[in-house]
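J.: A single structure is presented below for examination.
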Amino acid sequence: MSKRIAVYPGSFDPITNGHLDIILRGLNIFDELIVAVAHNVAKTGLFSIDERLDLIRETVKDYPQVRVDTFKGLLVDYLTRQNARIVLRGLRAVSDFENEFQLAQMNHTMNTQLETLFMMTSVSYGYLSSSIVKEVAAWGGDIDDFVPPCVKDALKTKFPDAPRID
């Protein structure tokens, strides 16, 4: 029997506890999960690709069945290279679904062997996004419940002049 490999793609700028929740729940379904940081030309990130990879690796270091990687180009091509057939995506709200549905349909049209598995985020993370975390961090807000400790430290470095509440 072949390994069940899924790819969880995203910008992860930075990884949040919501992302980690999807990763851990995905491990209940798949033998291997590849967290794949996309080179997205439409987004300018706060963290470099290498910084994001390092933060994700630190976050998932206790889970050997998680592999952290990066890719350029089409997701369908990346999945083919990784011998994976499943795209794992987290959904926070109906607004996420509309865009994700279109991407899933396009990916499946380009390669009918690929499927997308949507997981609803846990209720405690339904509002959480990397953008919101960055904004709260920039204003010195408490982000302890939103991100892994390594990300909190990295955000403090990115926003050294932010007012501190801790």
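Here the Cβ of each residue, glycine as well, is placed from N, Cα and C on the backbone.
Computed from a predicted structure; not experimentally measured.
If you look up Swiss-Prot, you'll see S11, K43, L75, R89 marked as substrate binding site, on the strength of sequence analysis. The ATP binding site feature in Swiss-Prot is assigned to S11, F12, H19, G90, L91, R92, E100, Y125, G126, Y127, L128, S129, S130, S131; the stated evidence is sequence analysis. The annotation site 'Transition state stabilizer' is assigned in Swiss-Prot to H19.
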J.: Can you grab the distance from G126 (ATP binding site) over to R89 (substrate binding site)? Cα atoms, rounded to a whole Å.
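T.: Approximately 14 Å lies between the Cα of G126 (ATP binding site) and that of R89 (substrate binding site).
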J.: Out of the binding-site residues S11, K43, L75, give me the one sitting nearest to L91 (ATP binding site) by CA distance.
T.: S11
J.: Of the binding-site residues K43, L75, R89, which sits closest to H19 (ATP binding site) by Cα distance?
T.: R89
J.: Which one is it: of the binding-site residues K43, L75, R89, whose Cα lies the shortest distance from the Cα of E100 (ATP binding site)?
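T.: For E100 (ATP binding site), the spatially nearest of the binding-site residues is R89.
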J.: Roughly how many Å separate the Cα of R89 (substrate binding site) from that of S130 (ATP binding site), to the nearest whole number?
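T.: Rounded to a whole number, the Cα-Cα distance is 15 Å.
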J.: Enumerate same-chain residues with a sequence separation of six or more from S11 (substrate binding site) and a Cβ-Cβ distance below 8 A; give 'none' if the list is empty.
T.: V37, A38, N40, K43, G45, R52, S130
